[in-house]
Amino acid sequence: DVVETQEHYKSRWRSIWIMYLTMFLSSVGFSIVIMSVWPYLQKIDPTADASFLGWIIASYSIGQMVASPLFGLWSNYRPRREPLVISTAISVAANCLYAYVHVPHSHNKYYMLTARALVGFGAGNVAVVRSYIAGATSLTERTSAMANTSACQAVGFILGPVFQTCFTLIGEEGITWKFLCLQLNMYTTPVLFGALLGVINIILIFAIFREHRVDDMGRQCKSINSDGEESDVLDQNTEGSIDHVAVVALNVLFFVILFVFAVFETIATPLTMDMYSWTRKEAVFYNGIILSVIGIESVIVFMVVKILSKKTGERAILHAGLLIVLIGFFILLPWGKKLPNIQWQEIKNNSIPRTAPTEMLMPFWSLQEVQLPSNHTAEPVGCPITQSWCLNTPMIYLAQYISSDVLIGLGYPVCNVMSYTLYSKVLGPKPQGVYMGWLTASGSGARILGPVFVSQIYTHLGPRWAFSLICGVVVASLLLLEIVYKRLIAFSVRYGRMQE
């Protein structure tokens, strides 16, 4: 057995902290524009409707789903610095492209789609980050390290909307640098800031990051990624087959967890605009604050989970987290009798026809409060008349919405960190790049289907159908967890090398 030296320990944890930073920047790249995509899209390309918005939000996850297994495979055989630097550089370039999507005279929405897809492709390095942390921590360190990783991801989700909220002070016009054809406004400044953070991350990867690996007991092992050299035998403790039933089950559970959260964050803006008569700017601002508070809640949950998992185990906590998410969506169902304010808007004089999905995200003032002028210079607000369910579905009260936010903000981080921790433990000491790539890809698939699902179901059938179906999906995931509960144990425990 090779005893880990103090120098190796310090270098190993410095490298892990760089991975935390990379995870943070990946989530910032997603969340920093999530609240402003729709108004920016309307501004640069009036032909885009809400269905296209669903694809723009989903494009990030499509890019990540494609890239994650590729970067994971790459990291299994080559120094991880290579995929980390290349992926981050792609994200930086894509953020710069997003800042220029207003420049072309046509097809601007497709340039935005491309930019977001490339940002997502760069975010495929999450698989590399997770596989490195799994291989660079012992079994006793794993839960804490995975919780810290998810906490950094949550902080990214917190600060992304915070940055966006702060940048709204610049306004929609902002400052124009003609010699660069660049507009610095509330839509472009956040992504340029994200690009700057990416450049800093690349510098830190070159300066500080090193390859390290320890086995489940914490003993220092040779990494196959070191200097591009492979060792003949990694470790006697790698002998044994992985429980693929548990692996598939955890992939399915992770898909459900990410799916319901993608639905939740995608529906926030249109739901509040329809139910509470918020304008575009108000929806971006208020939801940014709400998501920031949820993010702070999530970080606290991650810290508490590290302590609770030592007493109750990861499986029980995952079960509790899914139950909390179920209650959160159940509360979000329309229960009252009061109907939302209706947006009565003339259509005949519009040069561009409005479809039901287009109206889904349009803000609104109630007819009783504001008399719209004939030229429509005032921003219409309310639940669009083109969404037929607005006429008979009770509104979701603000207290319901906030209560649901609090519960989902509690349950989601618990499920996220526990599923990652259990997954890495089930896989054991073998290289996890490809497996982590598939797990990340399943989460990305959920982020693809979530926005598309909610943009269609919510628009045509309303919140009652949308959230009822989500409740059904969570119940099915709870049943699956019960079926595979006893199989979700660590690789070393399964083969009797360690006690649970």
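In case you wondered, yes, glycine gets a Cβ from its N, Cα and C as well.
Listed in TrEMBL for this protein:
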DOMAIN    15-489  domain 'Major facilitator superfamily (MFS) profile'
TRANSMEM  17-40  transmembrane segment
TRANSMEM  52-72  transmembrane segment
TRANSMEM  84-101  transmembrane segment
TRANSMEM  113-133  transmembrane segment
TRANSMEM  154-171  transmembrane segment
TRANSMEM  191-209  transmembrane segment
TRANSMEM  245-264  transmembrane segment
TRANSMEM  284-305  transmembrane segment
TRANSMEM  317-336  transmembrane segment
TRANSMEM  401-423  transmembrane segment
TRANSMEM  435-459  transmembrane segment
TRANSMEM  465-485  transmembrane segment
Does the transmembrane segment (245-264) reach the transmembrane segment (401-423), going by 3 or more CB pairs under 8 Å (6 or more apart in sequence)?
yes
Long-range neighbours of the transmembrane segment (154-171), counting only residues six or more past its ends (CB under 8 A):
23-28, 30-36, 184-186, 189-190, 193, 281, 284-285, 287-289, 291-292, 294-296, 298-299, 302, 413
Assess whether the transmembrane segment (401-423) lies in contact with the transmembrane segment (284-305), where contact requires at least three Cβ pairs under 8 Å among residues 6 or more apart in sequence.
yes
Going through 17-40, 52-72, 284-305, 317-336, 465-485 one by one, which has the most CB pairs that fall under 8 Å from the transmembrane segment (113-133)?
52-72
Contact ranking winner - 17-40, 284-305, 465-485 against the transmembrane segment (52-72), Cβ under 8 Å:
17-40
Which range wins on Cβ pairs under 8 Å with the transmembrane segment (317-336): 17-40, 84-101, 191-209, 435-459, 465-485?
465-485
What parts of the chain pack near the transmembrane segment (17-40), using Cβ distances under 8 Å and only residues at least 6 beyond its ends?
50, 53, 56-57, 60, 84, 88, 91, 95, 98, 112, 116, 119-120, 122-123, 125-126, 129, 132-133, 148-149, 152-157, 159-161, 163-164, 168, 172, 186-187, 190-191, 193-194, 197-198, 201, 204-205, 208-209, 265, 268-270, 280-281, 283-284, 287-288, 291, 361
What else in the chain is close to the transmembrane segment (191-209), if you only count residues 6 or more beyond its ends and a Cβ gap under 8 Å?
14-15, 18-19, 21-22, 25, 28-29, 32-33, 80-81, 84-85, 88-89, 91-92, 95-96, 98-99, 163, 167, 184
Predicted model, mean pLDDT over the domain 'Major facilitator superfamily (MFS) profile' (15-489):
80
